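Student: Below you'll find the structure I mean.
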Amino acid sequence: MRFPNRKLHTAVNGGDSGVSTHFRNPFVHELRFTTLQKLKIAVMTVTLFPVRLLFAAFMMLLAWPFAFVATVGRSENAVEPLSWWRWLVDLALKAIMRAMWFSGGFHWVRVKGRPALPSEAPILTMAPHSSYFDAIPVTMTMASIVMKAESKDIPVWGTLIKFIRPVFVSRSDQDSRRKTVEEIKRRASSNGEWPQIMIFPEGTCTNRSCLIAFKPGAFIPGVPVQPVVLRYPNELDTISWTWQGPGAFKILWLTLCQLHNFVEIEYLPTYTPSEEEKKDPALFASNVRRIMAKALGLPIIDYSFEDCQLAMAKGPLRLPKHTCLLEFARLVRLLGLKTKVTDEVLQEEACSARQLCGRRLDMEGFAQYLHQPMTEAVQDIFSLFEEHGMMDVREYVIALSVVCRPFRYLDTVKLAFRMFEAQEDGAIVEDELTVILKTALGVGDLAVSELFRAIDSQDKGKITFDELCSFMEKCPDLVEQYHCLCESISQHSRESTSSSNGFCADFSPRNHSKKQD
């Protein structure tokens with residue numbers, strides 16, 4: 001796959017977000033420290049960090065008996081009138097939680113806008129979701145949230161969670177999704193009797209460089225929602241907790257080492273859905289997302305929680321941060337191709353591609369190969385692979401295998417060998433290995449000469465699938481170890497820009513620079 005230089009259509013779903021379409025990989029977060037910042041962190045680690053950590057733990061322990069007493073004898077399926085002593089417990093818990101956040105450096109929490117009453121907006125939609133620190137507005141409002149059922153069994157934390165009456169999702173119950181939606185609808189239709197439900201519709205954490213696709217759960221009830229946007233206007237972003245980046249404890253450590261941590265919570269006007277939006281939760285979600293993106297000054301892009309699997313996949317062919325396979329996955333999903341892909345379908349695609357014997361297709365030929373009309377999405381997919389107006393459909397099949405089977409890299413490599421290998425000995429040459437790895441990683445440039453020579457220990461000028469697999473077992477990080485990506489990364493870094501909150505690598509295969517109309 002390659003990075004076309006031409007400017008293409010944005011990934012924004014229908015409308016003006018009022019911002020530049022210069023996207024970054026939302027699932028990747030990197031931190032780069034200056035020497036002075038490293039020195040500051042070192043000093044804070046042995047002075048302020050342990051004090052803050054101990055005090056925060058103490059405040060959580062202090063909150064536990066209040067939450068425990070308040071939940072004793074309380075019905076899980078009905079809401080009783082709030083008694084005076086439970087009201088006092090609610091105030092005490094809010095004060096304790098605020099003290100805990102204060103001890104962590106969140107000295108000022110700026111709140112803009114007017115929070116709606118539960119009767120006005122039973123659901124709060126909050127974005128962008130970037131960290132466990134997004135719990136700050138939850139503890140300030142004591143609104144209900146949607147959480148996995150296993151959370152209530154965690155000592156101390158589980159009791160605090162049960163106090164806010166969350167909607168629990170059970171991973172072991174295959175019918176859990178339907179039950180969760182029904183419970184949200186039941187509470188949202190209670191005319192303000194239940195506490196508001198605070199939902200993060202993105203469904204996963206990102207680096208706040210854009211708003212990804214909203215899940216429809218918050219919008220299926222068809223009731224008014226209040227959009228709430230979060231900002232962390234810090235000089236250094238130690239908040240973001242993404243699929244590729246610092247781990248949970250490192251984020252906690254670095255954040256507690258900052259002298260001040262700023263957070264802004266802005267309540268936007270309540271959004272009442274139209275009759276059309278009530279019938280179409282996806283449209284409802286899209287329109288709310290557009291309003292939130294405009295308030296944040298961020299682009300919107302149709303990546304989803306499912307795309308995180310690409311970022312999570314481990315192994316020798318772990319995707320680099322600047323891969324354009326995320327864009328490919330979005331386009332494939334847009335065409336409805338991903339749901340139709342099975343192992344058998346991929347094998348059939350590979351056979352069809354091999355029968356072309358390396359013959360390259362133009363855009364019309366590619367559309368016919370996909371059995372799709374000539375749409376914008378088909379043109380965008382073609383642009384990811386084309387060189388001089390032609391493409392090798394084998395590259396498309398490899399990319400399709402990666403996005404549909406992100407955790408089965410060996411199956412993808414085996415499929416690629418089937419399409420490229422010589423019939424007499426099942427081997428491929430260096431140029432073919434380059435194409436396979438470039439496509440499987442979703443990059444535009446790759447240096448594999450050193451890697452190929454290492455695999456081809458007998459200097460035959462070709463390698464087999466078994467030889468590559470054997471080498472992968474000995475060298476699980478072969479792409480990084482043999483510096484295959486160094487040239488591509490350096491070239492891409494020169495084209496990338498860093499954000500004010502840390503460094504987030506660009507991933508789009510396009511040079512997004514035009515404004516949306």
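For all residues, glycine too, the Cβ spot is worked out from N, Cα and C.
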Student: For which of the residue intervals 129-134, 285-290, 423-428, 489-494 does Swiss-Prot record motif 'HXXXXD motif'?
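Tutor: That would be 129-134, per the motif 'HXXXXD motif' entry in Swiss-Prot.
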Student: If you draw a 10 Å sphere around the Cβ of Asn207 (N-linked glycosylation site), how many other Cβ atoms fall inside it, taking every protein chain shown into account?
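Tutor: Taking every protein chain into account, the count is 29.
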Student: Compute the average pLDDT of the predicted model within the topological domain 'Cytoplasmic' (1-52).
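Tutor: Averaged over the topological domain 'Cytoplasmic' (1-52), per-residue pLDDT gives 71.
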Student: Per DSSP, what is the residue count of the domain 'EF-hand' (443-478) in each of helix, strand and coil?
Tutor: 18 helix, 2 strand, 16 coil
